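Student: Please read through the structure below; I'll follow up with questions.
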Amino acid sequence: MFFSEARARSRTWEASPSEHRKWVEVFKACDEDHKGYLSREDFKTAVVMLFGYKPSKIEVDSVMSSINPNTSGILLEGFLNIVRKKKEAQRYRNEVRHIFTAFDTYYRGFLTLEDFKKAFRQVAPKLPERTVLEVFREVDRDSDGHVSFRDFEYALNYGQKEA
């Protein structure tokens, strides 16, 4: 979803001036009739231009339902806020992927208990092995002996979502 990871974190990232200019240019390019706002279709085009994929109906519905009902579409300020949050979420997910890949030394796409033990020896050497085993069992949500990226990402996000 658009805001799932970024919502829970404090704002720690700002767009560079050139990136900010690009977002404004995309807004203007998608606002073909110079209405001052993006319609639903304009917004979908902007997402394709900035992120390289067509947003799902659910994503677009979520964004459109969050805008001021007194406006006909997404104003520039709202658009910039949406894009910033999306970029924050994208950046966070990339960081989680990077951490997972660092622990997945054999590039299998999952972590075993041994991978977990090795990782914890590096980042928390005094942690008892019993605790590492408990953490592994908790993170391995389907109890298949492997921690997938999804399991890993879920564990890192656990308790951080807004209520």
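Glycine residues also receive a Cβ, built from the backbone N, Cα and C atoms like all the rest.
The following feature annotations were taken from Swiss-Prot:
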type	residues	note
DOMAIN	18-53	domain 'EF-hand 1'
DOMAIN	91-126	domain 'EF-hand 2'
DOMAIN	127-162	domain 'EF-hand 3'
BINDING	Asp140, Asp142, Asp144, His146, Asp151	Ca(2+) binding site
Student: On the 0 to 100 pLDDT scale, where does the domain 'EF-hand 3' (127-162) sit on average?
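Tutor: Averaged over the domain 'EF-hand 3' (127-162), per-residue pLDDT gives 89.
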Student: Are there residues at least 6 beyond the ends of the domain 'EF-hand 1' (18-53) whose Cβ is under 8 Å from a Cβ of it, and what are they?
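Tutor: Cβ under 8 Å, 6 or more out: 59-60, 63-64, 71-76, 79-80, 83, 86-87, 90.
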Student: Can you check which residues sit near His146 (Ca(2+) binding site), meaning Cβ under 8 Å from its Cβ, same chain, 6 or more apart in sequence, and list them in order?
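Tutor: In sequence order, Phe110, Leu111, Thr112, Asp140 meet the Cβ cut-off.
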Student: Taking the mean position of the Cβ atoms of Asp140, Asp142, Asp144, His146, Asp151 as the Ca(2+) site, which residues outside that list, in the same chain, have a Cβ no more than 8 Å away, listed in sequence order?
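Tutor: Close Cβ neighbours, site residues excluded: Phe110, Val139, Arg141, Ser143, Gly145, Val147, Ser148.
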Student: For the binding-site residues listed here (Asp144, Asp151), tell me which residue's CB has the most neighbouring CB atoms inside 10 Å.
Tutor: Asp151
Student: Which one of these binding-site residues has the most other Cβ atoms within 10 Å of its own Cβ: Asp140, Asp142?
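Tutor: Compared across Asp140, Asp142, the most Cβ atoms within 10 Å surround Asp140.
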Student: Tell me whether Asp142 (Ca(2+) binding site) sits in a helix, a strand or coil according to DSSP.
Tutor: coil
Student: Taking DSSP three-state, what's Asp151 (Ca(2+) binding site) in: helix, strand or coil?
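Tutor: Once the DSSP labels are grouped into three classes, Asp151 (Ca(2+) binding site) ends up as helix.
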